[in-house]
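Q: First the structure, which I've put down as structure tokens, then a few questions once you've had a look.
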Amino acid sequence: MNSTNDVPKVIYAVASVKSKGGQSLFEAPFPITSESVLNFHSEPELVNSAVNKLSSEGFEVVHVSPITITIAAPPEVYEQVFKTKIIPVEREVQKFDEMTTATFLDTTDTEIAGLIDVSKSPLADVLEGVGIEEPRFRLGAIAKQSELVTKVLTEVEREFMATTQPSAFPPPKSYWHLNVPSDISLGLNADKAHRNQITGRNIKVVMIDSGWYKHPYFIQRGYRFNPVVAGPGATDLEHDESGHGTGESANIFAVAPDVNFTMVKTTLKVVTGNADISTAVQLSPHIISISWGTDLRRKSDITGTGGNPNSVTNLISAANRALAAEIAEAVRQGITVVCSAGNGQMSFPGQHPDVISAGGVYMHADGTFEATPYASGFSSPLFEGRNSPDVCGLVGLPPGARYIMLPVEPNDEIDTQLSGGTHPNGDETRNNDGWAAFSGTSAAAPQLAGICALLKQAFPNLSPVQIREVLKETARDVISGSSSQSTGGHTAAPGVDLATGYGLVDAYAAIEKIRS
């Protein structure tokens, strides 16, 4: 049903220039994959013309990729130029352990969610459609409010964050948890690769997340990192107001300590997932790690838009069609893309056929494993034959998956909101010490990305498909536990299953498999 919330003052969207293949990006069979994505590139001259026309009509051109143009403007500009009406709509999504709703923007004149018909506009000669961007959520174990709003820092907090130096070493805690880097490296069997000088050296890994703080943990260990790259709307590049990106990035270094790392900083207040991925691709990395997504569990819904209570909306939205194309373009270029499967969500792009979908396995203190009900496991409702996850990393148990002690910026959202309490309801750290215990499939994705980096160093000619296949072939079978109830509560059993896919990744076994 329609929301009573106001439409935001500025709307972000992706404009698709007429495709070389002759079929609209928004009308093509879904999903667009690495095998078909070239059909949805556009002629450079036409792209330039579209950029000029969009600018002249009052749109800010935020980012240009070979497939889409990310634009921004007040809602009235969209409505005047495209002769449409933009409305807020509440749709069901899974957030944490409950089904709730989020506000999406839609129009009344198309059946595809978020698609603006351009046929009545002065841009009809260059564009085939415009897709309104939609809410996306980070898939780490963090407090509910911080999933939706990026913290606005006070001047006192900014000064504190700028001057406080946290310890380079995690605080000791008596409850069972994992420390980086050693416990992650051992749990994923990466330490054996390190002893053979396979450490990810000269491999470029890009993570798209909330930002990255130069924590003493990273400095002390001599990790290689580049300046943070700004995604659309991102500011304060030396800070990570959330802590999510900083903390989860430690999982990459734990597995592949010599990678060349870059963070693309994003903000949930400015939703530009397509531009964020394209920005990462333009950095020419070997691997991209994505720990966010949207809950996409149905193809269509009766939404009652346009005044018709029985109107059906295709929930494979225009924005997600474009996102699928940007993912496919990355893989077409030989970039391995790793995405979180979800923490109870049927996460997209985690279920895209071209990505490595990362689920969760819990490692006990005695070294035994089980599927964790914090992580998703499902058969995709969108892509026939696509199961998610492919393989798993190390993820904690409910409630909250407070499992891996990770470095964060002092006094940021995660440091503040997860602090104190008694485990498992809190992480028992101070609210300004620059450390927090969390995980989720947000941790699994960068762990897998680190193993991909080891494989690329050892075998530079491996394709994304080959990397995914060897991870599956060498994963350790997990035969106990179950995945999230909200994705079916599937039980782990001998062999491949929906709870953990092929099982827990094994870095050394994957390397040895290719060597043999």
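Cβ atoms are placed via backbone N, Cα and C, with glycine included.
Quick paste of what TrEMBL says about this protein:
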- 200-503: domain 'Peptidase S8/S53' (DOMAIN)
- Asp209: active site, charge relay system (ACT_SITE)
- His244: active site, charge relay system (ACT_SITE)
- Ser442: active site, charge relay system (ACT_SITE)
Q: Could you tell me the mean pLDDT over the domain 'Peptidase S8/S53' (200-503), as a whole number?
A: 94
Q: Across all chains shown, how many C-beta atoms besides its own are within 10 angstroms of the C-beta of His244 (active site, charge relay system)?
A: 31
Q: Where does Asp209 (active site, charge relay system) sit by DSSP, helix, strand or coil?
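A: Asp209 (active site, charge relay system) sits in a strand per DSSP.
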